[in-house]
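A.B. asks: Sharing a structure below in structure tokens format, with a few things to ask.
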Amino acid sequence: MQCSWKAVLLLALASIAIQYTAIRTFTAKSFHTCPGLAEAGLAERLCEESPTFAYNLSRKTHILILATTRSGSSFVGQLFNQHLDVFYLFEPLYHVQNTLIPRFTQGKSPADRRVMLGASRDLLRSLYDCDLYFLENYIKPPPVNHTTDRIFRRGASRVLCSRPVCDPPGPADLVLEEGDCVRKCGLLNLTVAAEACRERSHVAIKTVRVPEVNDLRALVEDPRLNLKVIQLVRDPRGILASRSETFRDTYRLWRLWYGTGRKPYNLDVTQLTTVCEDFSNSVSTGLMRPPWLKGKYMLVRYEDLARNPMKKTEEIYGFLGIPLDSHVARWIQNNTRGDPTLGKHKYGTVRNSAATAEKWRFRLSYDIVAFAQNACQQVLAQLGYKIAASEEELKNPSVSLVEERDFRPFS
């Protein structure tokens with residue numbers, strides 16, 4: 001009788017195990033992105049060739065957009081910010097840099113870099129755990145009772161500008177535009193914001209303050225995190241043109257060169273070469289596919305995203321294992337064929353994306369482009385950016401300067 005009882009117990013346990021396995025298999029099975037896109041009116045256009053991906057719905061995904069200034073990172077950030085189940089933060093490492101690195105050094109020394117990277121990794125680790133209190137160490141003046149009005153670009157985060165973190169007058173689903181967020185929301189309560197973070201399945205952070213993917217290795221290998229790195233790159237010539245227009249004082253000598261046709265003797269060429277060196281070092285690491293980056297790294301060229309934003313966004317979400325939200329699809333539809341007058345704000349995201357990616361060719365003189373091509377020839381070749389052999393070729397929009405490359409995720 002005792003043996004029969006044990007046999008029944010074993011059978012029951014086996015049955016539970018089988019059911020659990022079946023449930024796990026079902027929840028992790030492939031879901032097609034098209035049902036969500038149908039709500040945005042995009043299914044007919046996208047579903048025929050849209051790939052299917054296996055989605056992991058049980059574990060929080062931690063996403064880091066690794067980029068540099070004027071590479072399209074604000075646009076990529078919005079691809080996550082618009083997802084209803086993603087908690088997105090725009091440049092929280094700004095606070096680290098602003099607190100630790102003296103403005104006059106701009107963080108260029110090796111010592112500054114080590115200090116910045118160590119503090120940045122600690123902060124990122126805490127933020128991915130939704131520990132927003134850790135950010136208070138870098139906010140001036142210090143928050144009082146965990147409330148502050150000093151969060152950098154708070155308005156760029158959808159969650160921080162909507163209920164329950166912000167309670168403006170209006171409908172329950174109201175999300176404020178960035179310019180209205182701070183004015184109408186008042187002080188940010190970090191306790192409430194942290195709770196909103198914990199309620200979401202994924203956390204995404206954008207940064208332009210980590211030079212290379214190798215600087216993130218400790219976080220990538222941290223078993224407590226499910227970190228996936230989206231490295232965004234852009235043609236360095238395009239970055240130079242965009243920075244010269246946006247940061248007019250800092251890049252004054254480049255503008256002087258463009259205006260006079262003569263290269264200033266005291267031109268700070270590191271404003272260009274540092275970008276190229278960081279890209280080259282980071283991409284070399286990523287494309288070598290070291291074991292610690294397996295399933296953790298995806299290289300995205302801004303030009304590919306600009307030419308086909310929906311297709312590339314689907315690939316990104318597929319790599320992350322997250323279903324594509326219809327709100328993201330709708331945002332792409334509304335913000336990649338925009339009125340050019342709406343894209344004049346230097347940090348704006350409403351634009352004709354394909355035209356924006358090529359605009360640099362008409363904003364730099366050929367002698368500046370030739371100089372950049374010589375200084376950055378290694379990374380241009382690595383990333384598939386073609387050399388403009390003449391001014392005629394540079395200014396001819398029918399001649400593409402971007403090679404067809406398939407930078408597949410390392411999975």
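Here the Cβ of each residue, glycine as well, is placed from N, Cα and C on the backbone.
Per Swiss-Prot, the feature 3'-phosphoadenylyl sulfate binding site maps to 69-75, 234-242. According to Swiss-Prot, the feature N-linked glycosylation site maps to Asn56, Asn145, Asn189, Asn334, an assignment based on sequence analysis. As annotated by Swiss-Prot, topological domain 'Lumenal' applies to 24-411, with the evidence given as sequence analysis. Residues or ranges marked as transmembrane segment by Swiss-Prot on the basis of sequence analysis: 3-23.
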A.B. asks: Hey, of the recorded positions listed (Ser71, Ser73, Asn334), which one tops the CB count within 10 A?
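C.D. replies: Compared across Ser71, Ser73, Asn334, the most Cβ atoms within 10 Å surround Ser71.
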A.B. asks: Please work out which residue of Thr69, Asn145, Asn189 has the most C-beta neighbours within 10 angstroms of its C-beta, and give that one of the recorded positions.
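C.D. replies: Of Thr69, Asn145, Asn189, the one with the most crowded Cβ is Asn189.
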A.B. asks: For Asp235 (3'-phosphoadenylyl sulfate binding site), which residues in the same chain are close in space, meaning a Cβ under 8 Å from its Cβ, but six or more apart along the sequence?
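C.D. replies: Once residues fewer than 6 apart are set aside, Asp235 (3'-phosphoadenylyl sulfate binding site) is near Tyr302, Glu303, Trp360, Leu380, Leu383, Tyr385, Leu401, Val402.
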A.B. asks: Among the binding-site residues listed here (Phe75, Arg237, Ile239, Ala241), which has the Cα closest to the Cα of Asn334 (N-linked glycosylation site)?
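C.D. replies: Among Phe75, Arg237, Ile239, Ala241, Phe75.
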A.B. asks: Cα-Cα separation of Ile239 (3'-phosphoadenylyl sulfate binding site) and Asn189 (N-linked glycosylation site), in Å?
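C.D. replies: That comes out at 36 Å between the alpha carbons.
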A.B. asks: Just to confirm my parser: what is the rounded mean pLDDT across the topological domain 'Lumenal' (24-411)?
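C.D. replies: When the pLDDT values over the topological domain 'Lumenal' (24-411) are averaged, the result is 87.
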A.B. asks: Just to verify a number: CA distance, Ala241 (3'-phosphoadenylyl sulfate binding site) to Asn189 (N-linked glycosylation site), in angstrom, no decimals.
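C.D. replies: Between the Cα atoms of Ala241 (3'-phosphoadenylyl sulfate binding site) and Asn189 (N-linked glycosylation site), the distance comes to 39 Å.
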A.B. asks: Could you tell me the C-alpha distance between Thr69 (3'-phosphoadenylyl sulfate binding site) and Asn189 (N-linked glycosylation site) in angstrom, no decimals?
C.D. replies: 29
A.B. asks: Measuring C-alpha to C-alpha, could you say which of the recorded positions Ser71, Ser73, Phe75, Asn145, Arg237 are within 10 Å of Asn189 (N-linked glycosylation site)?
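C.D. replies: Asn145, listed in sequence order.
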